[in-house]
Amino acid sequence: MEKRIVCLAGDGVGPEVMESAKGVLHMVERLYGHHFHLQDEHFGGVAIDLTGQPLPQRTLAACLASDAVLLGAVGGPRWDGAKERPEKGLLALRKGLGVFANVRPVTVESATAHLSPLKKADEIDFVVVRELTGGIYFSYPKKRTDEVATDTLTYHRHEIERIVSYAFQLASKRKKKVTSIDKANVLESSKLWRTVTEEVALRYPDVELEHILVDAAAMELIRNPGRFDVIVTENLFGDILSDEASVLAGSLGMLPSASHAEKGPSLYEPIHGSAPDIAGKNKANPIAMMRSVAMMLGQSFGLTREGCAIEEAISAVLKSGKCTADIGGAETTTSFTKAVMQEMEEQALVGRGR
C-alpha cells in the first residue's frame with residue numbers, strides 16, 4: 001500500500017513525538033511492505049513565526065491533498081500576546097478538512113493501572129464521540145459589551161443525525177451500547193438532540209441506547225466508568241467530558257484521538273498539549289502519538305493488523321517495566337520509541353516463525 005501523510009509537528013513537544021510517529025511508520029513500511037510519503041508542513045506557533053499565520057494556505061492545501069494528517073501539538077505561552085494565536089489554526093484546520101466527529105478511545109494499560117485516580121481502572125474501555133462543527137462554539141450571533149455578553153447554541157437535525165449515526169456504527173462493532181449525553185431537561189437544542197438520537201436508534205435494534213444528563217454523566221465517569229461503551233455528545237459537553245475522561249488513564253501522554261470528515265482525509269493527534277516545560281528535553285511520552293498512528297492505519301487505511309502491531313508492542317514494552325517519566329519511569333522519548341520499534345520487529349519475526 002502507498003499513502004501520502006502530512007505531518008504537522010507543530011509546537012512544544014510536537015516535533016519530538018512526531019519523530020516517534022515517523023519511527024513506527026518506517027518500521028511498518030519495513031515489516032509489511034507498505035510505503036508512506038511523509039510530507040512535513042508548518043503549523044501553529046512555528047507557522048506564525050515564519051508566515052504570520054497559524055495555518056498557511058500551503059499547509060491546508062497539502063492536508064486536503066493527503067490521505068491522512070498527523071498533528072503533534074499546538075500552542076504555548078510564547079504566543080500568548082500575539083495577534084494570531086496558534087490554537088486558531090487548529091479550528092481553521094478542522095473547518096478546512098470538514099471533520100465533524102472527534103473520537104477519543106479511553107483505555108487503561110494493566111501495567112499503568114496503578115497511576116489511574118480510580119481503583120477499578122482495569123474496567124475502563126470506552127470511546128467518546130464528540131460533535132465538532134456545531135454548537136455554541138460555531139453558532140451566531142455572538143456579541144459582548146461591557147455589561148452583557150451573548151453566545152448562541154444552535155444544532156441542526158442533520159448535524160445531530162450524522163454524529164449519532166457514527167456513534168451507533170462504532171458501537172455495533174464494540175459492546176453494542178450508546179450513551180447519549182445532553183441537557184434535555186433545560187436546553188431546546190438538547191431536546192432536539194434526544195429526539196433525533198432516538199430516531200437513529202431505531203435503525204440499530206441490536207445496540208442499546210441510554211440517555212444521561214451531562215451533570216450526571218460527569219459524576220458517572222468517575223463513579224462507574226465501566227458502564228460506558230460509546231459516549232456521544234455535542235461540542236461543548238464533549239470538550240469538557242473528554243478531558244475529564246482522559247485523566248482516567250493516569251497520564252495525558254497515553255491517549256490518542258481522531259477527527260473524521262464525511263469524505264477526505266482524517267486528522268490524528270495525541271490528546272496532550274504542547275508541554276513547553278519539557279519541550280526539547282527528550283522527556284515527552286510518545287505513546288499517545290504512536291497510538292494515533294495506529295488509529296490512522298486502522299481507520300483511514302484499513303491496516304488493522306499493522307495498527308494492532310503498534311498497540312501490542314506498546315503494551316509489551318510497558319509490561320517489561322520501561323516507562324517515560326510521566327508514568328513513573330526513566331525512559332526518554334527516543335529510548336521508549338526505539339524499544340517499541342524493536343518489539344514490533346521481534347513480534348513480526350515470531351509471527352513468521354523466524
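Here the Cβ of each residue, glycine as well, is placed from N, Cα and C on the backbone.
These figures come from a predicted structure and were not determined experimentally.
Site annotation (Swiss-Prot, ligand substrate) includes ARG94, ARG104, ASP215; from ARG78, ARG130, ARG194, ARG203, the additional listed residue is ARG130. Over all protein chains present, the Cβ of ASP80 (NAD(+) binding site) has 8 other Cβ atoms lying within 10 Å. Candidate recorded positions: ASP80, GLU84, TYR137, LYS183, LYS281. Nearest to ARG94 (substrate binding site) by Cα distance: TYR137. Of all the binding-site residues in the list GLY76, GLU84, GLY273, the shortest Cα-Cα distance to LYS183 (site 'Important for catalysis') is found for GLY273.
Under a cutoff of 8 A between CB atoms, and with a sequence separation of 6+ in the same chain, the neighbours of ASP215 (substrate binding site) are LYS183. Annotation note: ASP215 (substrate binding site) sits in a helical segment as assigned by DSSP. When the Cα atoms are compared, ASP277 (NAD(+) binding site) and ASP243 (Mg(2+) binding site) turn out to be 20 Å apart.
When Cβ atoms from all protein chains are considered, those within 10 Å of ASP243 (Mg(2+) binding site) total 13, not counting its own.
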